[in-house]
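Encoded as structure tokens, the structure appears first; notes follow it.
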Amino acid sequence: MILTTSNFDAKHRTSPAANPFRHTYLHELSHNIPIIVIMCLTAVCFLILPAVLSLVDQNLTPVTESGVVASMNQTADDTAREVVKQYVFGVRPASILFFPVMAFVLSLVQFSYLTNRRAMDVFGTLPIRRGAMMRAKMLAGVTILAVPVALSYLVIFFCNLIIVGFHQYLILELLVVLLNALVVMLLPYGLTALISTISGTIMENILYPLALLSAPVILYGFIMEVIRYTMFGYAGEAANHFVLALLSPFCEFFADDGWYLVNHGITQTLLEQQELGVGTTFLSLVSQNLIVMGIWLVISAGLMAAAVFGLRRRKNERAGLKGASRVLNHIACFLAALIGGALVLAIFSVGFLGTAYYNLRYVWFFVAILITFVAYQLIVLQSVKAMLKTWPLLLVCVVLGSGFVTFVETDAFGAYTKIPEESQVHMVSIDYSGIMGTTRSTETLQSDRPVYYNDPDLIQTVLEFHQQVVEDRIREPGNYQAIRLEYKLKDGSSMVRQYTADTQKAAEILATLNENDSFLSENHVIFTNDLSGYDIVQVSDPYYTVMNELTTEQIDLEALQQALQQDVMEQTLEDMLDPQEPEIGWIHLWKNEPEDLNEEENWDEWNMWNETAEMSILVKGSYQNTIAYLESIGAIDLMQPDYTAVQDLLIVSPTEDGGFDSLSLYGNTDPTLSLFTKNWLSGLVLPEEFDGWITETIPEADANRLSDAYQDPDKVQSILEDCYNQHGYDENSCVVYVKTMNATSELILPNS
């Protein structure tokens, strides 16, 4: 037999000793075939099928229209069909929910031998270095994870091309999606691999990765809740999306800024925004995601490189040894102690446990740190003596906790009590809604479109209010009635603060904005809302005893709005706070729901319509222009109360603590004016479902039901007239419920 070079090469390539890295890589693939099968099935069932079915449903299922389109085609009995093309891509939910778990399990399986002393000895006899073997195993693991996912997204990509058509964004979206899907798998895989080379038991390999992945997000959430409820002037969110994404890549997909990746996908989101006229580019939409995922990709690669280094230095004696890594133990104990303290501090800072707990919140904060630290060390070390030796770590926790307390109590070292100079302010925005005299809320308007004012008088008023609340420095836990200020400074920077106006001085300063023409024209709903867009008009007396409809031929809504605008501009603050004339009644406006608008199919558009679909305007006694116009069309006669129409009348006395034994009062009014105004919530309409609550629940409570009052129209008139601006509103005031055929309303009756 002649031994040729080719025969020698073939024999050499099949020998494990000739290429141990390749042999280890292939062995890992063949050894983990069950996981490969599960990955492929998961990719098909939870990636490919949902995306393809959604593509078919969105693009190949006709959308029907009736009525107008059918008549245009002169086939009233037929249905016109329209196909709306829509891309379905993005990071599918399976990439966030299932595949990271598969990566975690695969890493546990691959490196479980490190917890067995005998297995470590066997692997040590193999003709391959530890570092090379670790690299081969991790390369096999990445192949098992990445290939099925990458192929699945390629299938989804080509399905979009075939069903919807090519778009230049699709190729870029494919690259971004693959980056995101790869990172959320590599991070748990690499972290578990690294911990497996450091720890000694399977249980530690399970617990430490889960703790390190979740603890930073949990700790940050508790800290931000404490800041939100405790730091004076803080106006930020409970959690910042970008910071959360830097703490965990999984948070990138569950906030409003990143939901487009999971919901519609990048291409579809960009096309929808372009249709709305929003000039968003591909890079501007995904820039934050690329930064975050790029950072986490580097971290994941670093973890895997550290795992190779860790296995090289690992001693076989670590296998099966509980608590083999002091570093991991210290990190876990450190995080557990801080989370325990932050949890207790967050609970006490919210304030629902009472003032006593709130005042002692920092004491309980350090107590919780101590208890959590001691409990953790005793459970892990199972020795009091060993636990006492870890006191330096406890000292670090206490020092960090003290620094955080100092940061909060000094208002970020004075940053949140700083007031800008008037010469520095270019514009200012304030979410104060004013004394409206309507039930049309402007909360949505202000949150979607902040109004910025450059009027010098208004800026000066806002700065005076800011100065007053800083001097008062009242920060009540759980107080949601806060005023948000935003300054646009001349140097291009911004300053955002949020305070509660819990003193009469601050409320009085704030109320003067109601005399500012710039504030009224930009903020008051009589100016921001177009009354001519309403279809149904009804007028009623102040107590809803009568309700009469006016046709659009009887009333000119544009003329009515002009009269209301003139009256709002002419009224003084004294007219608002201490009116001398009784209210005339209410003007109620409704819009008909468009026939082509469906709440289930077009919820966003329907919600935008619903926000302005109904409005009620209180006609005050000082509104001379409005009253004159209503008299000219004969509407005043239709707004005279009929006290015989009152079906039920309830007076609810205040409770011992000075509050109302009733539901929260409804309506869009100034929350701060409860300190010094008169009957600022009178005449609010309760939903229909409260009718039964009025007659059944209240009599069982501490309520004074006037059983015969509503049978005497004169007595009813006397009570109801007292509910309207005749006496001051104070903590002794009562709540009056008036039930008629038209509505159940809630008024305030002074008890002085």
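Each Cβ is built from the backbone N, Cα and C atoms, and glycine gets one as well.
Heads up, TrEMBL stuff is auto-annotated, nobody curated it.
These come from TrEMBL:
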- 35-56: transmembrane segment (TRANSMEM)
- 96-115: transmembrane segment (TRANSMEM)
- 136-163: transmembrane segment (TRANSMEM)
- 169-194: transmembrane segment (TRANSMEM)
- 206-223: transmembrane segment (TRANSMEM)
- 290-311: transmembrane segment (TRANSMEM)
- 331-356: transmembrane segment (TRANSMEM)
- 362-381: transmembrane segment (TRANSMEM)
- 393-416: transmembrane segment (TRANSMEM)
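Three or more CB pairs closer than 8 A are found between the transmembrane segment (331-356) and the transmembrane segment (206-223), so contact between the two stretches is assigned (pairs 6 or more residues apart). Using a Cβ-Cβ cut-off under 8 Å and counting only residues 6 or more beyond its ends in the same chain, the transmembrane segment (35-56) has close neighbours at 29, 88-89, 92-95, 98-99, 102, 105-106, 109, 144-145, 148-149, 151-153, 155-156, 159-160, 163-164.
A Cβ distance under 8 Å defines the sequence-distant neighbours of the transmembrane segment (169-194), meaning residues of its chain 6+ beyond its ends; these are 87, 89-91, 95-96, 99-104, 106-108, 110-111, 134, 138, 141-142, 145-146, 149-150, 153-154, 157, 160-161, 205, 209, 212-213, 249-250, 252-253, 261, 265-267, 270, 282, 286, 289-290, 293-294, 296-297, 299-301, 303-304, 306-307, 310. Within the chain, the transmembrane segment (290-311) has long-range Cβ neighbours (under 8 A, six or more residues past its boundaries) at 114, 130-131, 133-135, 138, 176, 179-180, 182-183, 186-187, 189-191, 193-194, 196-198, 242, 245-246, 249, 252. Outside the transmembrane segment (96-115), and at least 6 residues removed from its termini, the chain residues within Cβ reach (under 8 Å) are 28, 32, 35, 38-39, 42, 46, 123, 137, 140-141, 144-145, 149, 181, 184-190, 192-193, 196-197, 199-202, 205-206, 209, 250, 253, 262, 311, 314, 318-320. Beyond its flanks by at least six residues, the transmembrane segment (136-163) meets 21-22, 24-25, 28-29, 32, 35-36, 39-40, 42-44, 47-48, 51-52, 55-56, 59-60, 87-89, 92, 95, 99, 102-103, 106-107, 110-111, 128, 170, 174, 177-178, 181-182, 185-186, 189-190, 193, 304, 307-308 of its own chain at Cβ-Cβ distances under 8 Å. Counting only same-chain residues 6+ beyond the ends of the transmembrane segment (393-416), those with a CB under 8 A from a CB of the stretch are 223, 226-227, 230-234, 330, 333-334, 337-338, 341, 362, 365-366, 369-370, 373, 497.
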